[in-house]
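Over in TrEMBL, the protein carries these features:
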- 42-133: domain 'Ribosomal protein eL8/eL30/eS12/Gadd45' (DOMAIN)
């Protein structure tokens with residue numbers, strides 16, 4: 001019995017991730033503006049580059065602190081975080097300071113893109129000259145997303 005559990009855990013890890021369309025079933029009602037599949041991939045790629053250069057702010061507390069301090073960047077929120085109360089104030093803070101933000105469907109994918117084993121519900125990508133082109137492309141597309149009313 002005890003030996004079957006680690007095998008089952010390894011089997012669960014080996015199963016493929018959910019597709020973008022399947023992840024949309026688990027979204028919160030407040031997950032607007034939602035990044036398209038293409039933009040989501042670009043954001044994950046930019047997050048991976050930013051993680052290599054340590055240009056990320058990770059987690060609600062840290063992102064909130066640096067938004068209050070006036071730091072600039074793209075805020076990426078996970079759309080499947082429950083309860084919503086954990087991070088529902090972050091988009092309002094971003095709008096007040098004219099910071100671009102977007103939702104992606106999965107917090108586990110967001111955490112993985114940041115190089116963490118744990119799921120993450122909020123990440124702020126800071127600009128850096130080593131990945132400036134990728135950052136600018138993401139910034140332009142995220143800024144073009146329609147804001148919720």
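Each Cβ is built from the backbone N, Cα and C atoms, and glycine gets one as well.
Because TrEMBL annotations are produced automatically, they should be read as predictions rather than curated entries.
In terms of DSSP secondary structure, the domain 'Ribosomal protein eL8/eL30/eS12/Gadd45' (42-133) contains 42 helix, 16 strand, 34 coil. For the domain 'Ribosomal protein eL8/eL30/eS12/Gadd45' (42-133), the predicted model reports an average pLDDT of 93.
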